[in-house]
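Q: Pasting the relevant annotations from TrEMBL:
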type: REGION; residues: 1-40; note: region 'Disordered'
type: COMPBIAS; residues: 22-31; note: compositional bias 'Basic and acidic residues'
type: TRANSMEM; residues: 114-135; note: transmembrane segment
type: DOMAIN; residues: 119-547; note: domain 'Major facilitator superfamily (MFS) profile'
type: TRANSMEM; residues: 155-173; note: transmembrane segment
type: TRANSMEM; residues: 185-202; note: transmembrane segment
type: TRANSMEM; residues: 214-237; note: transmembrane segment
type: TRANSMEM; residues: 249-269; note: transmembrane segment
type: TRANSMEM; residues: 275-293; note: transmembrane segment
type: TRANSMEM; residues: 352-375; note: transmembrane segment
type: TRANSMEM; residues: 429-448; note: transmembrane segment
type: TRANSMEM; residues: 454-479; note: transmembrane segment
type: TRANSMEM; residues: 500-519; note: transmembrane segment
type: TRANSMEM; residues: 525-543; note: transmembrane segment
Amino acid sequence: MSRAGTEETETEPRTSTSNDSPVEKLGDSPDWHPSTITDPELRFEDKESESNCNFNCDCDCSHAAELKRDSNGLPLVPQPSQFKDDPLVSVIKLINRQSSRQYNPVNRINWPTWLKWTVLIQVGFMAFLGIYTSALINPSLVLLSKAMEVDSKTAAYSTTTAIILGGVSPFILTPIANVYGRRPTTLFAISITMLGGVGSAVSPNFSALLGTRAMAGFGMGGMMSVGTACVNDMFFLHERGEKMGVYSIFVTNGAHVAALIGGFLGQAAGWQWDYGLGALSCALSLILAIFLFPETLFPRDASYLASRTHTRTYTQLLFDFRGNVLPTRSLHAPDFLQTFRMLKYPSILFPFWYYTTAWTFCNVLPAITLATIYTSEYHLKPGPIGACLGISLTIGSLLGEFFAGRASDVLIFRLALRNGGVRKPEYRLYLCTLSVFFMPAGLLIFGATVGKTYYIPPLVGLAISVFGLQITTTTLYTYTTDAYPTLAPSSGTLFNASRGLSFIVGFFALPYAANIGYLGAWGTFAAVVAVSWVPVGGLMVWGERWRRRWG
């Protein structure tokens, strides 16, 4: 056979035997074609591309021999194109004449691996900065309240304002990014966040501070919402668990690192520098993005690709904003409601709700309550409190990712081998089961020990809960993008919105604990997290059936 832009290769017909593995059987017949698949489990979930291919590949597979596979012989999802500005990597399956059961992948690099990792680290860093820049001030809220002549509860509204706007802005920016590109939207978001940080640092009064925090928060949401879309643009389904894990480490640890730095920085240089450092960090991210963040959005409509002749250069991917507009889409008013419409799908709604409760009680709750609790119970100052929070949560998060990212990809691969080569999104959720044990356990340990023991045991509880949160984050991010690949940007927007909803815990957590005690309050929070997992457990059993029914 021959393919445009690739080497001439030959394949030999062969007859499948009873000893062949499911992977070797799938697609090896010379007469095999994706359209012959009758098992509905093999059919593509994306209705937009279903007319072109029944094997979740986003392309027109006109010849079975051209179905591209990974090094294990499984079909690539989605299928890459032959254009060099396509951020995917093309792998062609060849059959070795000497050993008909051996697969010899031939790699053609469209984007070099270092560039894809550079973009991945950048979008992770942007998501990190979104939370980091809003949380740097948290250990120094007492200093801020004195400077602005407001009480500490009112001072916390500066953080709340940024969180709320950060949850709202992706609903506006994501539909724009889906048509006009990830890059221009991201550059705009970073710039707004940076300017908002500078304004916050020089605010003369609390009203001005709230206005600049709202501005910064709007940009933060845009920075945090682009990551899942870029991962979906650049990596195949079987790679996304590991890559989404890398991304989610940045997401989870923004507040943790901020707590570690913010307290000491506020003590040494004043609360203004908690905002100033965030602005400087955004400036660094902006400089890197200008030169090292090419456009990842790529049209995969089969009819368009069939007539496409132009390949964008790296310079065009950076600076030709008009040329990077997706030609197969246009922006319409209903697009801004797409994210809300996704909530009708159980495979989106249930992970969204579980992630919201997990993030609220395992990440935001300690961030906004530990300063008050450790000041009253252990008489610590902002610097040590920030260190306690940052170190414990960072350790728990890193250990959680060790058990989540790559393990998720290995799990889905092994289960696919047992299921005729079919990678079902629900396989990701098996790993998520660990989280329902670790998160409630960590919350219970904190509630049972805080104020009754030395200050270390409660921190162990925090680390355990965030260990479970990291597993939750990686598996749910990846599951939703696998279940609805073309809606990955919108699912990222929903997860970002769930973090925006978490601010409400600040209004009731400490008053509730004052009434019934820390163990009673944190025990209640643990129960809420555990109950929220039950629908996700249902997805493990009936998720595939629900996706067929609801679309």
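Backbone N, Cα and C atoms are what each Cβ position is placed from, and that goes for glycine too.
Nobody curates TrEMBL annotations by hand; they come from automatic prediction.
Here the structure is a predicted model, which means the values were calculated and not measured.
Would you situate these features in the structure and describe their surroundings?
A: Distant neighbours of the transmembrane segment (114-135): 87, 159, 162-163, 166, 186, 189-190, 193, 197, 213, 216-217, 220-221, 223-224, 226-227, 230-231, 234-235, 243, 246-247, 249-251, 253-255, 257-259, 262, 275, 278-279, 281-282, 285, 288-289, 292-294, 296, 367, 499; these residues of the same chain sit at least 6 beyond its ends, with a Cβ under 8 Å from one of its Cβ atoms.
Residues 56, 70, 76-78, 87-89, 111, 116, 119-120, 123-124, 126-127, 129-131, 133-134, 161-170, 173-174, 177-178, 182, 185-186, 188-197, 199-200, 243-244, 247, 250-251, 278, 285, 296-298, 423, 477, 481-482, 485, 488-489, 491-493, 495-496, 499-500 of the same chain, all 6+ positions outside the transmembrane segment (214-237), place their C-beta atoms under 8 angstroms from a C-beta of that stretch.
Within the same chain, residues 124-125, 127-140, 143, 224, 227, 277, 363-364, 367, 370, 381-387, 389-391, 393-394, 397-398, 401, 466, 469-470, 473 sit at least 6 positions outside the transmembrane segment (249-269) and bring their C-beta atoms closer than 8 Å to a C-beta of that stretch.
Residues 115, 118-119, 122, 125-126, 129, 132-134, 136-137, 183, 186-187, 190-191, 193-198, 200-201, 216, 223, 261, 265, 318 of the same chain sit 6 or more residues outside the transmembrane segment (275-293) yet have a Cβ under 8 Å from a Cβ within it.
Listed as Cβ neighbours of the transmembrane segment (352-375) (distance under 8 Å, sequence separation of 6 or more from its ends, same chain) are residues 135, 138-139, 141-142, 152, 156, 159, 252, 255, 259, 343, 382, 385, 388-389, 393, 435, 439, 442-443, 446, 450-451, 455, 462, 465-466, 468-469, 472-473, 476, 494-495, 498-499, 501-506, 509-510, 518, 525-526, 528-529, 532-533, 535-536.
Under 8 Å from some Cβ of the transmembrane segment (454-479) lie the Cβ atoms of residues 228, 240-241, 244-245, 247-249, 251-252, 256, 347, 351, 354-355, 358-359, 361-363, 366, 374, 377-378, 380, 388-389, 391-393, 395-401, 403-405, 408, 425-426, 428-429, 431-432, 434-448, 491-492, 495, 536, all in the same chain and six or more residues away from its ends.
If one looks beyond the transmembrane segment (500-519) by at least 6 residues along the same chain, the residues whose Cβ comes under 8 Å of a Cβ in the stretch are 156, 159-160, 163-164, 166-168, 221, 356, 359-361, 363-365, 368-369, 372-373, 444, 446-448, 450-451, 525.
Sequence-distant neighbours of the transmembrane segment (525-543) (same chain, 6+ residues past either end, Cβ-Cβ under 8 Å): 346-347, 349-351, 353-354, 356-358, 361-362, 365, 425-426, 429-430, 432-433, 435-436, 439-441, 443-444, 447, 476, 483, 509.
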Q: Do you know the mean pLDDT across the domain 'Major facilitator superfamily (MFS) profile' (119-547)?
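A: Averaged over the domain 'Major facilitator superfamily (MFS) profile' (119-547), per-residue pLDDT gives 89.
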